[in-house]
Amino acid sequence: MDDLLREFLTESAEHLDTVDSELVRFEQDPNNETILRNIFRLVHTIKGTCGFLGLPRLEALAHAAETLMGRFRDGMPATSASVTLILATLDRLKAILGDLEASGSEPAGEDVDLISALERMSEGGAAPEPAKPVMPEPEIVLPEPVVRELKPGEVSLEDLEAAFLAAPGPDEADFAAPAPPPPAPAVAAAPAKVEPAKVEPAKVEHAKSEAPAAESEGGPSKVQTIRVNVDTLEHLMTMVSELVLTRNQLLEIARRHEDSAYKVPLQRLSHVTAELQEGVMKTRMQPIGNAWQKLPRVVRDLSAELGKQIELVMQGAETELDRQVLEVIKDPLTHMVRNSADHGLESTAQRVAAGKPARGTIRLSAFHEGGTITIEISDDGKGLDLAAIRRKAVERNLAAAADIDRMTDAQVAKFIFHAGFSTAAAVTSVSGRGVGMDVVKTNIETIGGVIDIATQAGKGTVFTIKIPLTLAIVAALIVRAGEQRFALPQVAVLELVRVGAGAQAVEHINGSPVLRLRERLLPIVSLTGLLGAETAVEATGFVVVAQVGRQRFGILVDEVFHTEEIVVKPMSAKLRHIPLFAGNTILGDGAVVLIVDPNGVANQVAAGVQSAAGQAEAEAAEAEATEATTTLLVFKGGHGGFKAVPLSLVTRLEEIDSEKVEHLGGRPLIQYRGRLMPLVPADDGIVIRSEGKQALVVFSDGERAMGLVVDEIVDIVEERLDIEIAADRSDLIGSAVLRGRATDIINIAHFLPMAYDDWARGPRKARKAAATLLLVDDSAFFRDMLSPVLKAAGFQVVTAVGADEALALLQADQRIGVVVTDLEMPGRSGFDLVAAMRASGGALAGMPVIGLSGAIGADALARARSLAITDLVAKFDRSGLVAALGEIEASAEDALAEAA
Amino acid sequence: MKAANANGAETGPTEDFVTVHVDGVLFGLAIERVHDVFVPSGVTPVPLAPPEIVGLLNLRGRVVTALCLRRRLGMAPAAGGRDEAAGPNDRGMAIGLEQGGETFALIVDGVGEVLKLGGDTRENAPINLDARWRDLTVCVHRLESRLLVILDVDALLNFGARGAEAA
């Protein structure tokens, strides 16, 4: 009985889903008898089976719904209200089925409400029907009531009954597997006997409408189908995979033995295996329509809930894809359709006002394209509000405002995939909570898919999802990097380019390799480099041009062998944390190779962590992504030591011909952009080269520029900084560990006076006082960098990350006597902070404030003066800051002395 | 060894152990956990993997994760220039172990005979044993001429990426 019940549950759930979507179709096309007949048949089947299994509640409900549908068939118009009622009944049926599945027995409860409503509805129609009041009877034996109430009706139904009874299903509970036989073939065939003349076209239609209901069988409806446990299929798949591997191994051996007598049988084995593989793959294939089945109902409900007229158009429902893939995309698709209905489409009034048809359209289409399947979800709504997204992205600190202005619309649109991102002004019950699109993206990416958005204001939005057909077997490019071979999934590969000796050369920008590819620069990563080995400077070999999402990059490998169909085997649990590998496989020669995950590589390219020497760094980089990081330019000073300077201070990187260096008054200079620029070595160990190229880091402040002479520019790194302050050297702020290397962070303030004498500030007044100072800066780097400096100058330092926190601290902590604030901060700027302080009165109104600014312009000066900011200091001018603080204290003491 | 066998036969309930050795130290593994003994070949190193993992190898169509007992126990690299990282392929034997549906190959210097041992030679792991070893050791058996360290297979295979890093 258990097996039988399970079969019933699965089948009924499928039937109910079909009825759901069919009903919605019927509502739109009430004259289509085929649909109605199909619905009627499905509900009837459920009712019949319920009766047989002794499920009175389900049966009574199904019966009442069937009766109402019978009225439709008799010509009663299918009103929206009646369809809604039937849909509600179906929901109840599903709920009961759900309980049944969980508990194994029908839950207690009454359905009088629905049943009486259904009855009222069907009575409200035309002529009274003879056989309604049967429903509360608990033990209905299938043949009796069915025959009794339906016989007066239709001929075709009678046939249906006959077919239903004749089928070997429910009664022989013992051979449970095919238990309630799919009634489709019987239905299609039976009428043919009785009414041969009339039925011919109907039969064809039957077959058609049956197709989506054939769920896991996937085959044409005329073929006998059986339900097979998914595990069985999975096992079969694994075995076939093994067979493919073995065949590949044999082929490899045969290749080496030319005269082999095995050749012919091997050829046959090869063919048979290929066919077998294809066959097994097919059993796993299901039409994507299965994932769409619930959507018409979803859209109908939404349409009612939101008061919008929505039409759902589905194309390519028959497109087949792997069961596993289907499972993963099912929910994302539903979610996206809901989103389109709620966010994408405007209200009817708005649509009419915009001159669009009142009824909005959501279009779902699927088609094959190469080895992938493309699914598009488009709506003809208002399009994404890119301005709102830009605003929101800045608010949520996803990117700097300046960066966002530079981004293309497509890039901006992608922000909706960030967790918790929602621009909906009001949260509706349907969506707007910012939950979901990130999950959608994650789900799709886990199966190697990509999602893209194209949006046009006023015209609508198109989401394009590309996913692989199957996950188990993929075509892969076998490449060599260093000593090892790797497999690169072909889906991500666009083309191969030979580079190095005699071919196109890889060029470097500041150590980052790039390749000119058809007038565009392609960032390159070396596979060996990614995997932690040292890379040779001269790049030779092949660049595999790959694309992940919109990101295009090149993977440098040493050699490319061939493509091979590989069976993806999961990574060992111990190795799954390595983001660069998607799995492993056994090649034809029996060797195990690792499958490189293009997504993982893409992430590494973006993070620019190629020089990371191992997983520790990779993980660290991941962990730090959430923390505030500072971008630093790393270069080599004299004696090969690594030095770094915050990139934000750097104006440009230059490489000049050494001959251009001139000497005036014993000081090196070059002509740079029509001016003379002094050159200062980054440390004593550096000698300006007399020939060849000389690397320079250019700093500028207003009109002035200085070239810092360095030995070699190494890298740009983005890391969270823990600076250890160097006590006795003015040319260094301190040292930090960058990429596992001890690196000196240089103090630009030390070098600027070496270039221009008047860059130096007045003499530093060292004063001892325990005044408390509030340091406000949004950048963790500057807070970390300045706090020790200020402490060394004799202050108690309190820090705040923004104006709001600063104000709160100022109110709370009476000891604060001086404020040092960054003037350029996101959100409320330093000026806003000072303005608020001045406005609040009391001690804050007169408190000395030092403003830190990257560039001190005239307008900033004027503004600072109007707010009575005591002094403006350039951000990197450590001694200037200390001097300014000294002056404040001196004047405070003077004032004190005067008062005394 | 014969004596040990004889001892075991006399003292009631006995256990069978596959003995392996690394650097002259004798280790025992419960025989019911040992699925295979084979010569590892064609090991594919896995870049960025925890240090214990030598690589992946193909054992009759299955991909098996090979881990080095020497590194797992934190022992010094093999003498005579046979550094594991350089050539995992020309070395020793492998023991096939299974855990959680996954197969692992434990790389050792060599495999000895199977010993049947009773409770009379059994001792708890000495408390002065290195912590790393103590976690992996079930007990020690006093054999006639040397000691046999019985390893806990589950503990042996229980190392995550994080744990490996910390160690």
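Quick reminder: no glycine exception, Cβ is built from N, Cα and C everywhere.
What TrEMBL says about a protein is an automatic prediction, not a curated fact.
Quantities reported herein were computed from a predicted structural model and do not represent experimental measurements.
Annotation comment: TrEMBL describes A:195-209 as compositional bias 'Basic and acidic residues'.
According to TrEMBL, the feature domain 'Histidine kinase' maps to A:232-471.
Sequence annotations record features per position, and here TrEMBL assigns domain 'CheW-like' to A:473-607 (among others).
As annotated by TrEMBL, domain 'CheW-like' applies to A:629-757 (among others). Across the residues of the domain 'CheW-like' (A:629-757), the predicted structure has a mean pLDDT of 76.
Residues or ranges marked as domain 'Response regulatory' in TrEMBL: A:772-889.
Look at TrEMBL and you will find A:His44 tagged as phosphohistidine. A:His44 (phosphohistidine): 23 other CB atoms within 10 A of its CB, across all protein chains. Reduced to three states, the DSSP call for A:His44 (phosphohistidine) is helix.
As annotated by TrEMBL, 4-aspartylphosphate applies to A:Asp822. Less than 8 angstroms from the CB of A:Asp822 (4-aspartylphosphate) sit A:Val776, A:Asp777, A:Asp778, A:Ser779, A:Phe782, A:Gly830, A:Gly851, A:Leu852, A:Ser853, A:Lys875, each of them six or more residues away in the same chain.
For A:176-222, the entry in TrEMBL reads region 'Disordered'.
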Under DSSP, is A:Asp822 (4-aspartylphosphate) helix, strand or coil?
-> strand
Take the domain 'Response regulatory' (A:772-889) and count its residues per DSSP category (helix H/G/I, strand E/B, coil), listing them in that order.
-> 60 helix, 26 strand, 32 coil
DSSP helix, strand and coil counts for the domain 'CheW-like' (A:629-757)?
-> 18 helix, 73 strand, 38 coil
